[in-house]
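Asks: Below you will find the structure I want to go over with you.
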Amino acid sequence: MSRTKSSKRWLQEHFDDVYVKKAQAEGYRSRAVYKLKEIDDKESLIKPGMTVVDLGAAPGGWTQYASEKMKGSGRLVALDILPMDALPNVEFILGDFREDNVLQELINLIPQRTLDLLLSDMAPNMSGSSAIDIPRAMYLVELAFDFAEKMLKPGGNMLVKIFHGSGFDELVKQARASFEKVVIRKPSASRSRSKETYLLAKGYNL
């Protein structure tokens, strides 16, 4: 399929998408909010007073939802390589999480072992080739996991986008060695043809 036809199909699906319409009606910045909401409704991940980091935050759907759930208490830091409009009670870092100086800026904001929850919806720019895209995506997951291991408090939780493919089983195994509970979720708002799923790891063990 040509890129033009593929783009047209995506646009048509986007405008017909029930979650796009729902997000617009409810004032959310993106349909992705319903992926987090579905998981949070089942797992009660986000509570007032928490310290939360949201990686790959733009345009801000997940951050917006987390901010609402935290009710103005706690600390919420969002980071993305793309700009994001300001949200109440949110500290935003504009930068590439893969770069050391950006990572250090984030670390400087949050004392070590005080992080309650790491959220990551990071994904690379997709080329359409799984051989290229999956390794790039898994690298971002590995970086998020490394950050979580350094910053989460005992009992802390992590929710990260992860893609089926090379390295998937190894990362799940690694998570199970560090957390009390690890499950894979495919929210209803995640498009069925997408290889994305979400790894939920609860109860971090130091």
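Every residue number used here counts from 1 along the chain in the order it is shown.
Even glycines carry a Cβ here, placed using N, Cα and C.
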Asks: Need one residue: from Asp41, Asp96, the one Swiss-Prot lists with Gly60, Trp62, Asp80, Asp121 for S-adenosyl-L-methionine.
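Replies: Among Asp41, Asp96, only Asp96 appears alongside Gly60, Trp62, Asp80, Asp121 as S-adenosyl-L-methionine-binding in Swiss-Prot.
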Asks: Between the Cα atoms of Lys161 (active site, proton acceptor) and Asp121 (S-adenosyl-L-methionine binding site), what distance do you get, rounded to the nearest Å?
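Replies: Cα of Lys161 (active site, proton acceptor) to Cα of Asp121 (S-adenosyl-L-methionine binding site) measures 5 Å after rounding.
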Asks: Would you count the other C-beta atoms found within 10 angstroms of the C-beta of Trp62 (S-adenosyl-L-methionine binding site) for me?
Replies: 29
